[in-house]
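*Asks:* The domain 'CDCP1 second and fifth CUB' annotation in TrEMBL covers 108-209, 421-503. For 219-315, 530-643, the entry in TrEMBL reads domain 'CDCP1 third and sixth CUB'.
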Amino acid sequence: MWYRTTLPPQLMPLFYLNSSIPSLVVVHSEGVTLTLTPDQGTTLNISQSSERSRGSKCTVCTGTGLKKSCSRAGSDYVVLLTDPKAAVNMVFTCTKPEEVFTVEVSRTGTLPLQNFNRTFIWNLKAPVPRAFHLDFTQMGLRQILPSERCPDQHTYTLLALQRTGEAAIGTYCRNGSVSGAQVLNQGRLSLEVTGGRELNPTMFNVSVGEEIKSLAVLKVTLPEGTSSSELLSPNYPNSFPDDDLMEWKFVVPPKHNATVVFLGQTQPQCLKKEPAVEYHYGNGRFAVVKKLSDPQPAQRRDSFSLILRNCEMNRIGDGSTGLSLHFKVSAKRRMLCNVDLRKEWGLSLHIEKTNLMSDCELKLNSVIQKKITVPSGKISQLSFQDCPCQELLLTAIRIIECRQWRGCQAAAAPVPLTVPVLERCLPASLGSVTWILRPPQHGTVELLPTTGNLRQSLPEQPCNGSVTLTVAEDDDGTTVGQFCPQGAIHKVQVHTNLSITASASTMGGKERWPFSHPLLNISFTREIAERYIFTVYPMKGVPTLLATPSWPVGMKSYSTVSWIVNVPSKLEAHLMFDNISQPKCSNRHTGIRVQILGSLEEMYSRREDEEAGRKITVSESFYLNMSNCMPERGDFSMLTQITLHKDKSDSLPCVKKKRQLSHQVSTYNPNGTSFLPGHNGSFPKSRKDNESHIYASIEDTLVYSHLLRDGVGIYQPFVPPSHFAPPVPNRPLSQAQQPMVDNELYGSRSNGDTPAHEDINYEITHI
């Protein structure tokens, strides 16, 4: 049974097919009676369905008595149903009328004739010179040969109605890449459903389209990944209309290449012009014209339009079949990318597959690779085929290294750590970037935030919504910690090679990856006596959490760490030790010490075999030092919380006092020597036979001052102002810039000498 749905001249926005007409079927020995209760205005056009059935004596009648009317052989029979309340009987004089008749209906609905072939037809018309637009985005269509039928037995046919006659744009099944069509002025869309198959509801949008100059325009949206779409010229396999145009607009996914291949063609005898294909790129800004016999475009990256142009054909006596074209457009994730790292000092790129079962093929300079390493200082050609971006991991590594101090850029001035700008042709975005920092022998790496301070990422203070930098020792991968902006850590000093990694996976909030601004400034400085030194500027009333390096894992054996903490005047620091984990030591002891800057007297000192107090209050700037032993079992780790409050003793009268210093109170160094934290390697030589270094007492002004000079937090021995010339930060001192140190206090050495590390031993006794 065939249904025709005829639309009014205005175009409707949406069509939805369903079953809505009540009906009753009665089968008897002489034939079939169908009882219908249709919508008002329903029209039935009943005709014999094939040449073979025209010899049948089967008829159809409606009405009774004087109002009875019947069909005649070879003629159409029209039934107009005007009363929505009145049931209509259709009496067929054969038991299988579906083999004889077809029915075209002007309203949607399955009626009781599901066993019949059905066709739903939309006649569409737009005002001249506009086109009507069909949007198939929700289902997509796939073009087939006119002789084919669709697997789901729902077949669409699109016609263009021109003054010269009908032109079949194509026949289609559902689930394809054709996402839209525009047909000039007027046309027809039909849906054929095979008898016995239930109608599957289908949605598509209809609207008034653009002004077009071609017969029709098909939009083909190629899916991501490997795909191919076969398409046919109008009227295929017959000739495309004379002296006309047909356009296909191909939408190519990002990072895909498209290739056009002609599978079959016939060419006409022309009176004027020549048949050709035009390729338009960049929204029509430039075009390429090719003959049908020319090689067609391959491995094109961008979306494009293909226009088939016919000539004015000679159809008299030449036997020509005219112009027809069968072609295929395929797309693959394949890209060629030239990467130039000649000017990128120390930078290398690494690309690998995250799915080992993927069909992705990687090539470096035309050689297939399991993973690609793009070396620094060269131009490399990369090739990717069938490589989805989500199956590739792209990382960057930049090495900043100095083998000697002379000519070392990172020792002369701070070096900003910026995310490299990479070629846009790379198929995946940058996943992470790692900076490997290698100072000269015995050197130190200093990390300074470009804006504000850092904080350590801990469960109690996670780095949500911002980039997280993972700092690790490059030699063995030991993690120092994870840090992010907006904290109290002003500077980090590490006496070893470092790696710093920033990754897109740690991003969130308003931050965008990759960054255009530097994440950190780094510099190489001379040796410090400890493994790690952190300079900390807590804010009043805001708890600052500090964790031992490698937290929650324990510190490395024999390693030391100091936090130089600035306490402004009229404030005091409340320290609370938490999550303390102590090992059983096989050699030496762990140590936790708190000491006022400018004093050699320890305010707090505990070993692993002593019960540790968990709270302490300090009213001046101080350093917190921790050192590990060689553990037999267990780990050494802890958290420290520092909060600044108003100093309760601020109202007391100022009293001039002297510090009483006990014998050998220098900080414990598991390397076998004593040291002052942050002393940058300038240690006085031992004078075992000289007692000029032994004092009964020392005034405050003669101990240590300006230990947080310029907010940098570097320890410097006190030197009278007339002799003190502060060095330029992050630059080694020249001979003339070395401070003149009092030989009586610090040992006999000439200006600029660097004392040996192993000889230091401060002995200050009280007499």
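From the backbone N, Cα and C atoms, a Cβ is placed for every residue, glycine too.
Unlike curated entries, TrEMBL annotations are predicted automatically.
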*Asks:* Counting by DSSP, what is the helix, strand and coil composition of the domain 'CDCP1 second and fifth CUB' (108-209)?
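*Replies:* Split by secondary structure, the domain 'CDCP1 second and fifth CUB' (108-209) comes out as 0 helix, 59 strand, 43 coil.
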*Asks:* By DSSP assignment, list the helix, strand and coil residue numbers for the domain 'CDCP1 third and sixth CUB' (219-315), in that order.
*Replies:* 0 helix, 49 strand, 48 coil
*Asks:* Using DSSP, what is the helix/strand/coil residue split across the domain 'CDCP1 third and sixth CUB' (530-643)?
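*Replies:* Its residues divide into 0 helix, 63 strand, 51 coil.
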*Asks:* What mean pLDDT score does the domain 'CDCP1 second and fifth CUB' (421-503) have in the model?
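*Replies:* 89, rounded to a whole number.
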*Asks:* Kindly report the helix/strand/coil residue split of the domain 'CDCP1 second and fifth CUB' (421-503) according to DSSP, in that order.
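*Replies:* The breakdown for the domain 'CDCP1 second and fifth CUB' (421-503) reads 0 helix, 44 strand, 39 coil.
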